[in-house]
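Colleague: Feature annotation from TrEMBL assigns transmembrane segment to B:45-66, B:73-90, B:140-163, B:170-188, B:217-241, B:267-287, B:293-312, B:319-336, B:356-384.
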Amino acid sequence: MTSLLEVSGVSKTFDGFRAINDLSIQISEPELRAIIGPNGAGKTTFMDIVTGKTRPDEGRVLWGEKNESLLGLSEAEIANRGIGRKFQKPTVFEDQTVRQNLAMALKNPRGPFAVLFHRKTPQGAQRIEEIAAEIGLTDQLTRTSGELSHGQKQWLEIGMLLAQDPRLLLVDEPAAGMTAEEREKTTDILRRAAQTRAVVVVEHDMEFVRRLDCKVTVLHEGHVLAEGPLDHVTSDPTVIDVYLGRSDA
Amino acid sequence: MTQGFLVTNRSVRWFLFTLALFTAVIAFGSEASGTGIFSTSLVKTLGKTLCLCLIAVAMDVVWGYCGILSLGHFAFFGIGGYAIGMWLMYGRTEGIVMTSLANQTIPPTPQEVSDAIGGQIFGVVGSSEFPLIWSFAHSLPLQLLMVVLVPGLLALVFGWLAFRSRVTGVYLSILTQAMTLALSLYLFQNDSGLRGNNGLSGLQNIPGFEQTSQATISLVFFLASAAALALGYVLFAWVVAGKMGSVIMGIRDNEARVRFLGYRVEGYKLFVFTLTAIVSGIAGALYYPQAGIINPAEIAPIASIYLAVWVAIGGRGRLYGAVIGAALVSLLSSWFTGGGAPDVNLGLYRIQWTDWWLVLLGLSFVCVTLFFPKGIGGLFDYLVRKPS
């Protein structure tokens, strides 16, 4: 396993608040990784830094075999390197159909003129069918995505990430607001995706993380507190103190 | 490709059919065709209205589809008008000067001719020198190129600066207002080279067609405006129908999501802004020969705000809505302000529509925004069932 993403010594301060403090995380390919931590632990800021939304004050973010620095690249450039991001709140284009949403995300040239003269291809249509089957929305392709249920929107957004064919998926709280059954399906989708690529899941819900059955990184105050299998980190006294202990109390 | 696109877009076919029918009826009834049912001034008004419909369609693409509330598109419209106006005025003045100099015993030198034309054109602002920007005014092809190039380049530079700095929402709207205001104020100056507040006039006279009646000229411009509207409509309908439409509507609804999908949002906004600016310039170049005069007041900030009001009343995000809004509101406006509407006598107070029209317009804008956010075009949703 080689390192796909290497975040080292990254810090970020917002108006005196240290959101990220000397954070170092390595993600391999393929890998499924869960990042947990209480509110304000820096999970979302970590994703913002990797995807180019936020510039860190110091530290390095290196990508791929060539160890290319992602700092200074725009969001679109980073996305085209192969990093897909799912937001906490489902963000799909509600006025457009499920098929249009997926078609927009499909890996194709992204320039305005390439898109203007874009023609639908049989391969593209087939790929959309495959992804729709994967996320269980085959029957919903012609529906306006605003009409979908909350869970279906979450899956559609994951499907849009898969359509981008990224090497790394960053998924922010995919199970929030889902029923038990929907969570199970979401777990399956993510675990299958992680067989061929790196998937990083930020999650609050311990039960969901347990089902993912993967290496866990615990963040606290912008710093890695513990890393390892779930049972290992949950037995760590410092973790129990800052996070688990509190939620049990 | 275009054929398949027309087959799948019923509203485009309906629009083209309606426009063709309307154009045929007006052309048949015009004075130029001999029937004289419609006066030449009515034909001119309708021709101008078609140009306003064209810029409204462009506004709908940039605002209704891409979510950029530009309050400066009339600047591009005005630039298009000035660009064609320079050729019209130069050509006509040249004709007059040549006629008057023809009787002289010694043939005039080119310098004398140029000075005489300059004196005629710029006498009102106390000058006779041709400014640099009039370099191409003698040539129709070059000046037509300016109709496209100048609005396009201005939009490209302005858009590049604004979108690259990620100026969005109300701040962008204010910037576009500032752009059109700055341009208008600049043109008001006598040394701007475009005759200050006098503007360019006599534009209804086409050089080389001095013997042609205004009835014929008005009909030709009416037909040209209808053709431009049809072409512009089909072009924009094609742009917003495909994947491009998906992306720009995505930018309207969630810009960040589109970025994280790997699209460079700035490039798309710039493309839409520039393309619509060019079409606005063409609309202006067709409008002002029918209006006969252009002056800096035409590109005052309020004009671009009216444009947004038309599109909002007609219905954003649907091209035919923009056409309906622009046609209805601008025609009603000239009816009310032109004294066509009878005064309403309330006994104590007489409502004179020339004063009260703006109140009525403002009121209907508020009502549409509050109660019919989809505008007049939204009514079609009730008439036409969605093809499933």
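Including glycine, each Cβ sits where the backbone N, Cα and C put it.
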Colleague: Per the 3+ Cβ pairs under 8 Å rule, pairs at least 6 apart in sequence, do the transmembrane segment (B:140-163) and the transmembrane segment (B:319-336) touch?
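Modeller: As far as Cβ distances go (cut-off 8 Å, pairs 6 or more apart), the transmembrane segment (B:140-163) and the transmembrane segment (B:319-336) do not touch.
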Colleague: How about long-range neighbours of the transmembrane segment (B:293-312): same chain, 6 or more residues beyond its ends, C-beta under 8 Å?
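Modeller: For the transmembrane segment (B:293-312), the sequence-distant neighbours (Cβ-Cβ under 8 Å, at least 6 residues beyond its ends) are 52, 55-56, 59-60, 63-64, 69-75, 77-79, 81-82, 85, 176-177, 180-181, 183-185, 187-188, 196-203, 321-322, 325-326, 329-330, 361, 365, 368-369, 375.
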Colleague: Under a Cβ pair cut-off of under 8 Å, which of the recorded stretches B:45-66, B:73-90, B:170-188, B:217-241, B:267-287 contacts the transmembrane segment (B:319-336) most often?
Modeller: B:45-66
Colleague: Let me check one thing: do the transmembrane segment (B:73-90) and the transmembrane segment (B:217-241) come into contact, meaning three or more Cβ pairs under 8 Å with sequence separation of at least 6?
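Modeller: Contact criterion not met.
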Colleague: Below 8 angstroms Cβ to Cβ, which residues of this chain, lying six or more residues outside the transmembrane segment (B:45-66), approach it?
Modeller: 26, 38, 73-74, 77, 218, 221-222, 225-226, 228-229, 232-233, 236, 239-240, 245, 248-249, 251-252, 268-269, 272-273, 275-277, 279-280, 282-284, 286-287, 290-291, 307-308, 310-311, 314, 316-319, 321-323, 325-327, 330-331, 334
